[in-house]
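The block underneath contains the structure these notes are about, expressed in structure tokens.
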Amino acid sequence: MVLSLTGLIAFSFLQATLALNPEDPNVCSHWESYAVTVQESYAHPFDQIYYTRCTDILNWFKCTRHRISYKTAYRRGLRTMYRRRSQCCPGYYESGDFCIPLCTEECVHGRCVSPDTCHCEPGWGGPDCSSGCDSDHWGPHCSNRCQCQNGALCNPITGACVCAAGFRGWRCEELCAPGTHGKGCQLPCQCRHGASCDPRAGECLCAPGYTGVYCEELCPPGSHGAHCELRCPCQNGGTCHHITGECACPPGWTGAVCAQPCPPGTFGQNCSQDCPCHHGGQCDHVTGQCHCTAGYMGDRCQEECPFGSFGFQCSQHCDCHNGGQCSPTTGACECEPGYKGPRCQERLCPEGLHGPGCTLPCPCDADNTISCHPVTGACTCQPGWSGHHCNESCPVGYYGDGCQLPCTCQNGADCHSITGGCTCAPGFMGEVCAVSCAAGTYGPNCSSICSCNNGGTCSPVDGSCTCKEGWQGLDCTLPCPSGTWGLNCNESCTCANGAACSPIDGSCSCTPGWLGDTCELPCPDGTFGLNCSEHCDCSHADGCDPVTGHCCCLAGWTGIRCDSTCPPGRWGPNCSVSCSCENGGSCSPEDGSCECAPGFRGPLCQRICPPGFYGHGCAQPCPLCVHSSRPCHHISGICECLPGFSGALCNQVCAGGYFGQDCAQLCSCANNGTCSPIDGSCQCFPGWIGKDCSQACPPGFWGPACFHACSCHNGASCSAEDGACHCTPGWTGLFCTQRCPAAFFGKDCGRVCQCQNGASCDHISGKCTCRTGFTGQHCEQRCAPGTFGYGCQQLCECMNNSTCDHVTGTCYCSPGFKGIRCDQAALMMEELNPYTKISPALGAERHSVGAVTGIMLLLFLIVVLLGLFAWHRRRQKEKGRDLAPRVSYTPAMRMTSTDYSLSGACGMDRRQNTYIMDKGFKDYMKESVCSSSTCSLNSSENPYATIKDPPILTCKLPESSYVEMKSPVHMGSPYTDVPSLSTSNKNIYEVEPTVSVVQEGCGHNSSYIQNAYDLPRNSHIPGHYDLLPVRQSPANGPSQDKQS
């Protein structure tokens, strides 16, 4: 038993020892000895007998021998054993399976990592991690230095920088990006019109020309530039550009500050319009309105003064009589035959006579005649008279001189035969009697006042009244008699049982105790009163009166509820005592006690129910009156609501449109304003103000209470509700500050400009401002023949059927004429050029001799040039045999008069420097890497195009294969001969190959000198540079071989 206990203790100790991890660096170990009883083996000696062969014949040659041998035996003994013991190293203590370091001082903000050594949390330091990092350090033991800039705070734990407002970056070294500001650069800048934003506070630094908190406003009129501090110098109504200060002059003014009127002959915006005035009229420099000279009128002073007027603006009236003609300039009269005098007012004949010798009497009615013509005797009638002898009045509908003027009177009015004045019929007024009398007036000239009452309408002719329903009488003051109703009281009432009939619609208002449309039904049993809404409260009764509710007591009963046998007011023996109950209470016939009516209490029913109760015996509690100044009514229990509330419990707000006590008053709020249900005060919808919200916001303001100022420009109106700008025609944008985009104009920029030929379009009206040489509403027409220039207002001066350029006015002369105005006869040689403007210095004979001489010299020069060219080609061929160049073609050919098709990067390696195209072309094509599917040769190109404009290659060429051929190449190597494909093809200017020449055996390109050379257009001299010169590609060389 002792042995077993000892073994268990040892086993437990061993287990405890083995619990620590020996691999743990904090676990130390040492060897310890212990004694163990063991069974040990040893060598035990013994005498071993064995036999050997010998010569002892007796023992059959076998002899016995002895030797000491050993065998393994076992015995008990004590053995000293050693074992490794694990324990925590010094400075550590054991905790479970681990060895934990031990710190004498507790690590406040950290952990103990080795004996008496703390590892602090980030942001803390000191031996026991109890000290926080200063503002310049962070991390464990505050060992890291903060990198934050610009006043940023450093996180003592992570070292992250908490940037001040306006900065960003991991070290807060950068300002906020444009367009942001504030803490963390999270706030967007509100600045507009290109203004910069302070990265810290977001304050806007406005660009020149803008102002306001957010730079949303242009400089006020009269200022411009940075901070709107510069004063505008513009005069005469000129507006100043809010940024530059440049003056935009109003029409009629020009100059840097708009101080100068338009020069004579011009007017309008920028003085760009020519005055259209004729006959010496002067043009207003602002409007262009013509101020005509005496005798002329009209927009352009093209019209003479009309008959009967003269002078400036034709404002003076001629005073010529008897048909005399008035000079439109001076007003002098030119008399008809038979009259004389400054105003032709004197007859040559005496009054009453006419004819030759003034012997014939006038046939006219003297009273109605102005005069008798002294020659013909024709009568000139007074206004309002007509006929040959002026004895007939004007026919109906005409008046005035000769009864020629039609009357304009309306609605049956009379027209005065002389003046045409209208005499209006009753009920109408106005100059031509076109206006009916205003409400409340009638009669001639609407001078009488209507006397209709109670909404009756008055006839504008005679003032008779048309009464509304329910009224009658001449002035609608009499209501319909009892039993009638309706228009003119023509309807009869059908109400029964004394019910009243509405004089307007005939509806019946029943008396108490009756029901039905015509009040023909009595109240149902158990009900009484108005609309039968009350319930009978009787005990010993046969119902109650349907009108008053009085109980009809059965025989032997009396009292209000028929619950008393004594007569009302009596009780006691023989009902001898008078009841003293008040407020309708009844007394008991036995003891005279009062039974109070509903709503009353007390011995004599002299008091009303206490607050909060009502009804019989004041036993019913009042309902919860939500919005009431006092409890319910002591009799009915109905809640008496405060102003603004309704319903049985006063818990309902007045319906929309009503307010006040019992919601009986009608709200007066207009324009969607909301009405307070208590006092009827109006809370206005945005855009309206006033006691009843009937006043719109004044111009320039909007929103609730018209608090906000409008920001619209260029005459735009501002919505009083939300401040939205309604732009005037020609403007767009949120604040109507942007003109319509090009090609658009008008309202909302929704109309498309129709201007043609480069004309500019007014962004407001869409009116086209034509360029020089064009006219028409949309500038679609050239100037008419004979005119040119701006507005087609200049007249051409070309002569002899020549044509005039509609823009410049240049004359294009007909054959046989010359000169600036084509007014000079041209000589024969000049007829070849109809546009010449220089007269020859020689006569016709000298021209002929000179022409012949020139032609001969030209032919001689051509022969010499051809000879030199042939000699040059021969020398080139001879040199070519010696040099034997390798020619590499990358053609982009265009050969006229052919049908071949070539394109692509075509190369050839030939030792010959010449070949005949028409004969060897097929062989060349066979040996070439070109195919018809990769090369194109267009025969439709212009055969006279210059080599300076190479065609666009349709082949895909290597980068080094294109050489622009602008001039012949002068080099040591000869030209490559490229003859025509056919004898008919003499012009090969269109052949544009890119030719590269690489000298055999040379490692560099041949140098060349480039001369400026442009092939002439529209002309060609056969044999002159018919062959393209060979030109080495400037990009070709050894390096190019490496690339390929």
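Cβ coordinates come from backbone N, Cα and C, glycine included.
Record features (Swiss-Prot):
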SIGNAL    1-19  signal peptide
DISULFID  Cys88-Cys99  disulfide bond
DOMAIN    143-173  domain 'EGF-like 2'
DOMAIN    181-216  domain 'EGF-like 3'
DISULFID  Cys228-Cys240  disulfide bond
DISULFID  Cys234-Cys247  disulfide bond
DISULFID  Cys249-Cys258  disulfide bond
DISULFID  Cys271-Cys283  disulfide bond
DISULFID  Cys335-Cys344  disulfide bond
DISULFID  Cys424-Cys433  disulfide bond
DISULFID  Cys452-Cys465  disulfide bond
DISULFID  Cys467-Cys476  disulfide bond
DOMAIN    571-606  domain 'EGF-like 10'
DOMAIN    707-737  domain 'EGF-like 12'
DISULFID  Cys710-Cys718  disulfide bond
DOMAIN    750-780  domain 'EGF-like 13'
DISULFID  Cys753-Cys761  disulfide bond
DISULFID  Cys813-Cys822  disulfide bond
TOPO_DOM  870-1044  topological domain 'Cytoplasmic'
COMPBIAS  1033-1044  compositional bias 'Polar residues'
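Features recorded in Swiss-Prot, as mapped to the structure shown.
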{"residue": "Cys99", "record": "disulfide bond", "Cβ neighbours (10 Å)": "22"}
{"residue": "Cys249", "record": "disulfide bond", "Cβ neighbours (10 Å)": "23"}
{"residue": "Cys271", "record": "disulfide bond", "Cβ neighbours (10 Å)": "20"}
{"residue": "Cys283", "record": "disulfide bond", "Cβ neighbours (10 Å)": "24"}
{"residue": "Cys424", "record": "disulfide bond", "Cβ neighbours (10 Å)": "23"}
{"residue": "Cys433", "record": "disulfide bond", "Cβ neighbours (10 Å)": "22"}
{"residue": "Cys710", "record": "disulfide bond", "Cβ neighbours (10 Å)": "20"}
{"residue": "Cys718", "record": "disulfide bond", "Cβ neighbours (10 Å)": "24"}
{"residue": "Cys761", "record": "disulfide bond", "Cβ neighbours (10 Å)": "22"}
{"residue": "Cys822", "record": "disulfide bond", "Cβ neighbours (10 Å)": "25"}
Counts by DSSP class (helix H/G/I, strand E/B, coil) across the domain 'EGF-like 10' (571-606): 3 helix, 9 strand, 24 coil
Candidate nearest Cys822 (disulfide bond) in space, where candidates are the disulfide-bonded residues Cys258, Cys335, Cys424, Cys476 and distance is Cα-Cα: Cys258
Secondary structure of Cys467 (disulfide bond) (DSSP, helix/strand/coil): coil
Disulfide-bonded residues near Cys247 (disulfide bond) (Cα-Cα within 10 Å), from Cys465, Cys710, Cys761, Cys813: none
By Cα-Cα distance, the member of disulfide-bonded residues Cys228, Cys433, Cys710, Cys761 nearest Cys467 (disulfide bond): Cys433
Cys271 (disulfide bond) - helix vs strand vs coil (DSSP): helix
Neighbourhood of Cys258 (disulfide bond) by C-beta distance under 8 A, where only residues 6 or more apart in the same chain count: Cys234, Gln235, Asn236, Gly237, Gly238, Cys247, Cys249, Pro250
For Cys467 (disulfide bond), the number of other Cβ atoms found within 10 Å of its own Cβ: 24
Which listed residue (Cys234, Cys465) has most other Cβ within 10 Å, given these are disulfide-bonded residues: Cys234
Of the disulfide-bonded residues listed as Cys88, Cys228, Cys271, Cys433, Cys710, the one whose CA lies nearest the CA of Cys753 (disulfide bond): Cys271
Cβ-Cβ under 8 Å with the domain 'EGF-like 10' (571-606): same-chain residues at least 6 beyond its ends: 559-561, 563-565, 614-618, 633-636
Residues that sit under 8 angstroms from Cys344 (disulfide bond) by C-beta distance, when 6+ apart in the chain: Cys320, His321, Asn322, Gly323, Gly324, Cys333, Cys335, Glu336
Cα-nearest neighbour of Cys433 (disulfide bond) within the listed disulfide-bonded residues, Cys99, Cys465, Cys718, Cys761: Cys465
For Cys228 (disulfide bond), the three-state class that DSSP assigns: helix
Per-state residue totals over the domain 'EGF-like 3' (181-216) - DSSP helix, strand, coil: 3 helix, 9 strand, 24 coil
Cβ neighbour count (within 10 Å, all chains shown) around Cys813 (disulfide bond): 26
Same chain, 6+ residues apart, C-beta under 8 Å of the C-beta of Cys452 (disulfide bond), given in sequence order: Cys458, Cys465, Thr466, Cys467, Asp475, Cys476
